[in-house]
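Engineer: Can you read through this structure? Questions will come right after.
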Amino acid sequence: MALRKGGLALALLLLSWVALGPRSLEGADPGTPGEAEGPACPAACVCSYDDDADELSVFCSSRNLTRLPDGVPGGTQALWLDGNNLSSVPPAAFQNLSSLGFLNLQGGQLGSLEPQALLGLENLCHLHLERNQLRSLALGTFAHTPALASLGLSNNRLSRLEDGLFEGLGSLWDLNLGWNSLAVLPDAAFRGLGSLRELVLAGNRLAYLQPALFSGLAELRELDLSRNALRAIKANVFVQLPRLQKLYLDRNLIAAVAPGAFLGLKALRWLDLSHNRVAGLLEDTFPGLLGLRVLRLSHNAIASLRPRTFKDLHFLEELQLGHNRIRQLAERSFEGLGQLEVLTLDHNQLQEVKAGAFLGLTNVAVMNLSGNCLRNLPEQVFRGLGKLHSLHLEGSCLGRIRPHTFTGLSGLRRLFLKDNGLVGIEEQSLWGLAELLELDLTSNQLTHLPHRLFQGLGKLEYLLLSRNRLAELPADALGPLQRAFWLDVSHNRLEALPNSLLAPLGRLRYLSLRNNSLRTFTPQPPGLERLWLEGNPWDCGCPLKALRDFALQNPSAVPRFVQAICEGDDCQPPAYTYNNITCASPPEVVGLDLRDLSEAHFAPC
């Protein structure tokens, strides 16, 4: 985020020059015309002239320069000096470049900047000084650049700012001071920046914010204070930022937020307080934030939610409360959040959710309760959440799913119940989930499935039952799942599959039977595109001839191995997933792959 706007400006500038097809004057000697009429180019640089826009750009990037090149044409509009070994800029070094609008000095060895170094650059709009060794900047450094719109000073060693350093930069929109060593800022640090839209102070050592600091920044839209050492947010600190839309306070040491800390932020849309030490929220923590859309409070130490904490956040769309210490959700814990669409409560210490805890959340689409230890959910606990389409309950110690647990979730599309230690799901537990597309029951302790468990789930496409203890599946168990596309019953204890089990699944394309106790299997349905059979004790007699023929005729559906898809250098050497069909009997073919058996072996069939 720290380099977002500066990087964007760089990219847009480059793209415009490439798209317009400028003429290159690479290697032309100073004072010698290039391949067409145009200005001379310094020997160490490449010059690019845009006829249509009548603009000249000079590229001297990464040339190991220890001093500024001689002979830069006076009409240059953009000068790139990044990635060199410049340790200083002499006074008035650019005084003949009055047309310069873009100057890139980032990635060098600049330890200081002379007050007169930028003399003559009255038309400069974009100045990049990131990734140097700057420790301080003298008053008057930017006195000669009144037209600056963006100034990048991130990733230096600045430990202090002079009062009024930026005074006179009334056109500045974007100021990046991130990733320096600033511990204290003077009251008048940003005096004169009345047009500033984005201010980045992330990655410093700020421990305190005084109300006067942001005085005069009435046009500010985005303020990044993340990754500092702030311990508290006091009242009225941001009261003079009426147009602020995004405020980043994440990854500090904030333990307390004073009542009225965010007063005056009428335009705020995004507030990030994640990765702090906040232990509690008061009823008047968020008053006046009527326009807030996103509130991130994850990775704190919040132990409880007081009633009406969020009462003023009528337009909030995303609330993240994951990785806290919340133990209980009382009735109407989220009162006032009628527009909320995403609610995350994962990895808290939730043991109890009261009936009515989610009342009023009529627009919630995604809810994450995973990583808690709920053990038992009240009947109809999700009543009123008709627009919920994804419910995450992974790793929640549920043990058993009872009827009416999911009553009211008529629009649910995805239900994740992985890793819950489930020993049973009662027959009517999933009834009413007519829109369900994906059901994940992976890594539980299910030993059987009720005959009519999936009744009414006619739209289900993905059913994941791997890593349970299923020894058998009723012949009619999957009958309602006529739209099933993906079925995974791997890592169970299945010894046989009824012949009619898969017959209704005409749309099935992916079937995993890996690591069971199957001895025989008739391939069906006919449209399978991927069939996994590894890890079963196959009896390679006559009943398995049909499977052998299917595997040989459809090698892409029953591959011997598949190379893992990796990004970057994650797979060195390449990783493979094998799909052996290893014979466990009869004795004469033990250890062979079914596909390698000859026709003669099956002649008696």
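Backbone N, Cα and C define each Cβ position, glycine as well.
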Engineer: For C47, which disulfide partner does Swiss-Prot record out of C41, C60?
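Structural biologist: Swiss-Prot lists the disulfide between C47 and C41.
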Engineer: Choosing among C373, C397, C583, C605, which residue does Swiss-Prot name as bonded to C540 by a disulfide?
Structural biologist: C583
Engineer: With the disulphide bonds as Swiss-Prot has them, who is the partner of C542, out of C373, C397, C605?
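Structural biologist: According to the record, the bonded cysteine is C605.
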Engineer: Among C45, C125, which cysteine does Swiss-Prot link to C60 through a disulfide?
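Structural biologist: Cross-referencing Swiss-Prot, the cysteine bonded to C60 turns out to be C45.
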Engineer: Counting only residues 6 or more past its boundaries, what in the same chain has a CB within less than 8 Å of a CB in the repeat 'LRR 1' (75-96)?
Structural biologist: 13, 39, 55-68, 102-121, 128
Engineer: Going by C-alpha distance, which of the glycosylation sites N85, N368, N580 is nearest to N515 (N-linked glycosylation site)?
Structural biologist: N580
Engineer: Rounded to the nearest Å, what's the C-alpha distance separating N96 (N-linked glycosylation site) and N368 (N-linked glycosylation site)? Just drop the number here, would you?
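Structural biologist: Given the Cα positions, N96 (N-linked glycosylation site) is 61 Å from N368 (N-linked glycosylation site).
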Engineer: For the repeat 'LRR 1' (75-96), what does DSSP give as the number of helix, strand and coil residues?
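Structural biologist: Each residue of the repeat 'LRR 1' (75-96) counted once, the result is 0 helix, 5 strand, 17 coil.
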Engineer: If you count other Cβ atoms within 10 Å of each one's Cβ, which of the glycosylation sites N64, N580 has the most?
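Structural biologist: Highest number of other Cβ atoms within 10 Å: N580.
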Engineer: How big is the Cα-to-Cα gap, in Å, between N85 (N-linked glycosylation site) and N64 (N-linked glycosylation site)?
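Structural biologist: Cα-Cα distance, N85 (N-linked glycosylation site) to N64 (N-linked glycosylation site): 6 Å.
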Engineer: DSSP helix, strand and coil counts for the repeat 'LRR 18' (483-504)?
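Structural biologist: Result for the repeat 'LRR 18' (483-504), in helix, strand, coil order: 0 helix, 3 strand, 19 coil.
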